[in-house]
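Feature annotation from TrEMBL assigns compositional bias 'Polar residues' to 43-52. The domain 'PKD/Chitinase' annotation in TrEMBL covers 409-483, 491-565, 573-647. The annotation region 'Disordered' is assigned in TrEMBL to 43-67.
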Amino acid sequence: MISIGCAVMGSRLRIQKLFLALLVAVTTVCHLVGFDAFAQSDQTENGENTSLPFPRGNVADSPETLDNYPHAPTFRGYYPERYDLSNLFPPPRHQIGPTCTAWAVGWAARSYYANVHEKRPVRNGNSPVLSNIPSPSYIYRAIRRNCAEQGTSIADAFKLLHEHGALSESQYPSSIRAQRCVSPSQSIEEAANDFRIDGFHFIVRDSSQDFGAILEKLKGAIGGDDHLPVLLSVRATREWDALHKGEASIRNATECRAEDKGNCNHAVVAVGYDERRQAIKIMNSWGRNWGEGGFAWLTYETLAKIFNEGGIIEAVKPTPEPKSPTCVFRVVPYEIDVGGEAELHFSSQNAKYGYIDNGIGRVGQEGRVTIRPRVSTDYIATFYGDLDNVTCAARLLVAQPPADQKPTISSFVAAPGRITAGESATLTWSVTDADTLSIEPGVGKVSGTSLTVRPNQDVTYTLTATNRSGSATATAKIDVAPSPKIQKPTISSFDAEPRRITAGESANLTWSVTDADTLSIEPGVGKVSGTSLTVRPNQDVTYTLTATNRSGSATATAKIDVAPSPKIQKPTISSFDAEPRRITAGESANLTWSVTDADTLSIEPGVGKVSGTSLTVRPNQDVTYTLTATNRSGSATATAKIDVAPSPKIQKPTISSFDAEPRRITAGESANLTWSVTDADTVSIEPGVGKVSGNKVAVRPSSNTTYKLTARNRVGSSTSAITLSVSGPPKISLPDIRCGRVEIANDSGRQKIVGFVGYADDIQRIRDAASGMDVQIDLRPFPQCEALLTLQKALNRAGGLKVRIRRGLGDMLAEGDNLILDVETPKYPSYVNVAYIDAAGNVLNLIQPGLDNLVSYAPRSKISIGDELGTERRFRIAPPLGREMLIALAAKSPIFPEPRPSKETEREFLTALRRALLVKSDLSEPDREVDAAFDAIVTTGRQMP
């Protein structure tokens, strides 16, 4: 033992200039402290002490002392429901005398950093690696430079390691009784330069601070990104001594032991926590026969009673103070047509990297990405820095072809709206997207945008606009006053121009009439309107015009003389031919013709009436086609013959090959089916494929499958089969993620990875681990990530609770937009809490039961917050902008034991939410039945064109 101790110390000193002299000096020191006169150890081989009571020995630092050192900032980040660092520490041992602070700082906390950050193992199975563990005795004696049995403070121990360092336990064993009363010599202190720390800070309790904030700092240190153990100075009351081996928890704090004379301050290390237990896990220095192998659970409530201070070692040199990242994010141009493209322009300062959703993924601090969406899309970018993250968003509008919609009648009016019987009014309208328009009564179908009407009594006209999506209607009323006594109509003129024509020619009848309601011309015409009409009589005729109103009628005549027309010739067929005149059955030929003076044409057999000058036919046998041209003087005919040779005999289709490449795949992968087929009209593959074309198709079966290819023509069909072997899906090992929930799901035989994470780099790590798989993971940065984890079971319940943040297109609201929230309570009477988490991390508790109004909501109650009709409260989107979330909770009893503040931090709200949902007096009891729902948006600056 003597040689080992001195040799190790010598190895630590060999970097000194005078190696030999120092080696002699160290050997002398070893002798002075009793290495060569080793006294009986107070500990057994496994570090247990069975003869001494449990000593304390911490001196709580004064507020004045603590004010000289940095304090831990408020913690507002994510930490999981439970976390435990205990397996990264050396096995617990029993302190000697009032040395608890040295054991907590050296043996426990600093050893953790040696193990985790410096990669120096501190345990080999259940045995400590003493060369990598600071010596508690050295730390204690370097601070207490005499034999007085007095305690030490955490600040003194931190200061020693920060300014000097320490020797290892193998160099300066704490089990040697003599070292408990001998101060290290100068030469030993000069050699004690290992285990230095770069800094430290404190968790301080003051009268104005709620202990919950201290707990948040403590749990955030352990469970946050850095995973830091916390030194605790506490009052170890008599309950601590009663915690025998195998007992787990300290649940109360009464008074110190009598021998402590009112001062039972003790130093331990917080190495874990559990929100369901509502307890901190501590590592003590009273050996492994205390508690659970030297560890115990200290309830939050008890810790609040006995807490003095907390300390955290900074084992790595601090980096420059981080700055929050910035974000500039826009889309250029901001609107495209379907099929067009745009660019996302982004840049950020103080960011390590960024992440853009909608399949773009991880990006650098600055750049551009080309996008081609088919629909209007919101793009959300999150940039991550050392301090926090920032979210910004941009919207690309994609103009779509107009969708079918019912017609729109913008206006339908009558002018004037009041007339005298016999007068006219004009109906005018403006209509879009209509296929047909009609007006009733008495009008029917109309076109254009106006119509003159002459009603004889009050009437309401209804305009109906119709398309294939539906119809729209509008009305216009005309009031009709009785007219003064009306005279019979007056026909000023009625004439024919010309008055003499040849049969087949036309003439115009013209007239001028006043005070007529109706006009008619006979013979052979009937009712007319306007002032003229074209007629084509075949013989001499005298036309009579009759003008009528309710007072009577007037008539006038106009004669037209019709000379006989010259004799009309029968049609002439100049040519009628077939090209080619000989074909094989199944082929086609063209019939062509040239005809004059024909009113109608027809071809037989099998064709009928035709027009134009040619026609394609496909006869199956010899045929002579007859063309008939007809007019009123008669008809003419011509023939064209086509000789049809029989077609060669058609064979059934031939399948030259049908194969799969590869023939063996893993579930989730695809293979190509390929084939070569001749003389087929159709080709189909079953199961699950159907008709195909070309010579290749991709398939993705989930199990062994035999595919059958069938080729058909009019003669028959041929088949071929190939079996594709499918092995089980590859075993995928998903990486650990800091915040989120990810799982492998099966979608129609294909595996995909679904869920959410709080950090963008976790998405990339998952993609790397599951190369080639479909990854559908949402990015939900803190606090959304932790909220979804806590609410997992509540979100999956089918109670019917619903929430919605009203917005237009996509998942964004712009600065200045109204914020309107809709809630529908579940299908049972419920107590409801509604909270809104803004981008700054503030939680607004909008709805909750009060102490004086514990009133539940009726089933399916609908609540609107921020709506002009629903509440007096109004909200508008304002900076800071980013990811925001609405959470609603419902249960048959109040969820929180007392009302939450109207405004609090997200960390305070999330901790209270965990406590309300997870904590129960008996861990075997079922969880509370609570329904939850959420909606999330991204708020962004208003984007200008």
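Yeah, the Cβs are placed from backbone N, Cα and C, and that goes for glycine too.
What TrEMBL says about a protein is an automatic prediction, not a curated fact.
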Quick one: DSSP breakdown of the domain 'PKD/Chitinase' (409-483) into helix, strand and coil?
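Tallying H, G and I as helix, E and B as strand, the rest coil: 0 helix, 51 strand, 24 coil.
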Where DSSP helix means H, G or I and strand means E or B, what are the helix, strand and coil counts for the domain 'PKD/Chitinase' (491-565)?
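Counts, helix then strand then coil: 0 helix, 51 strand, 24 coil.
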Could you give me three numbers for the domain 'PKD/Chitinase' (573-647), the DSSP helix, strand and coil residue counts?
0 helix, 51 strand, 24 coil
Averaged over the whole of the domain 'PKD/Chitinase' (573-647), what is the pLDDT?
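Averaged over the domain 'PKD/Chitinase' (573-647), the predicted model reaches a pLDDT of 91.
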